[in-house]
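The next block holds one structure in the form of structure tokens; read it before the comments.
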Amino acid sequence: MSLATATRASCLADESGQEAPYLLTPGPLTTSATTKAAMLRDWGSWDGDFNRLTAEIRERLLAMVGAPRDTYACVPLQGSGTFAVEAALATAIDRRGKALVLANGAYGQRAARILDVLGRAHVVHDKGDYLPPRGEEVAERLDADPEITDVFLVHCETSSGILNPLAEIAEVVKARGKGLIVDAMSSFGAVPLATETVPFDVMVSSANKCLEGVPGFGFVILRQDLLAASAGRAHSLSLDLLEQWCYMERTGQWRFTPPTHVVAAFHTALAEHRAEGGVAGRLARYTRNRDRLVTGMRELGFATLLEDRWLSPIITTFFSPGHPAFEFGRFYAELKARGFVIYPGKLTQAESFRIGCIGRLDESVIARLLDAVREALAAMGVDDCRPAA
Ligand SMILES: *Cc1c(COP(=O)(O)O)cnc(C)c1O
């Protein structure tokens, strides 16, 4: 039985007997039946068995980035990924510091917005909807403004699907002795990120993206000396990473009520990640999904927003067909009726939509999606998928 059949067969049916559709979205995403089943038990937040789950998760996440246990810390935090980004920015950037935010989509813009709210000085290097920030440009910005203390980069900018050149930028930032904060939300677990090759100071991700858990918490992996130096910096009681870390180190517990079922599901999801061959195994499957998707959609006449070299194995943006009968709402509904949920586009300039390749699914699911796309287009009367000029 293929991975997809196994997942499909065990997908939870709703009251109407319909199977839930595949989520071709960048999280929440389709999770395995075993990950869902791990949520069928209640846990006490003070209980030793539950605390062991938390400890194992933190160990495993540090091991995934090859971070030495005594120089880096892993701090899980309740809430969606943005809560963890906000906590990380508040912890990493000194109140008298200044950040350079590299933006090429919604998540870079969101980081700048967070810094506005926090009242931390920052400048934005904005590349628009889909162009990558390059090492040279970052070097120029840093050399021109010595007040900048930290650089924020989104690894995979999920709003377009671009995989930004992290290694190139990390080199430039580190050569100038600045702090590097990476939003690896939608790449961590599938795109390699190791402290040895990318000397980041802080990285943020969450349970419900490439690690294939369910939503409910994020986590920050950061240098311990930086964490220690952040005492008194936090603007918020509940988003104070140092307090959360100290409490966890001392008691093994989360500081406030943990999302116990989500943590249990994530523990199972991490075991499955490991069984698949870790980051390399997951990258291989997602890459096959992406290649099948992009090839199939191009055969149907669709065009991708990005050139091949910038395509991530996470999510791909396609231009909407210029054909007058194409309408995204209808396309979405036709696909959903056939068992697939896709994502609207997030470009400011052109009409587009996005299809994710992450979650518990493989090429056979993508092949069936392509059949569904073909049927949906026929139902809508769209016979030409080229974008509007
Ligand atoms: C998903 C995501 C986030 C966090 O979004 P939430 O909706 O708060 O979970 C942040 N950055 C990127 C790049 C993401 O893909």
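Glycine is treated like the rest: Cβ placed from N, Cα and C.
Heads up, TrEMBL stuff is auto-annotated, nobody curated it.
Quantities reported herein were computed from a predicted structural model and do not represent experimental measurements.
Record features (TrEMBL):
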- Arg354: substrate binding site (BINDING)
- 40-323: domain 'Aminotransferase class V' (DOMAIN)
- Lys209: N6-(pyridoxal phosphate)lysine (MOD_RES)
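Neighbour counts of Cβ atoms within 10 Å were compared across the recorded positions Lys209, Arg354; the minimum falls on Arg354. Cα spacing between Arg354 (substrate binding site) and Lys209 (N6-(pyridoxal phosphate)lysine): 16 Å, rounded to the nearest whole number.
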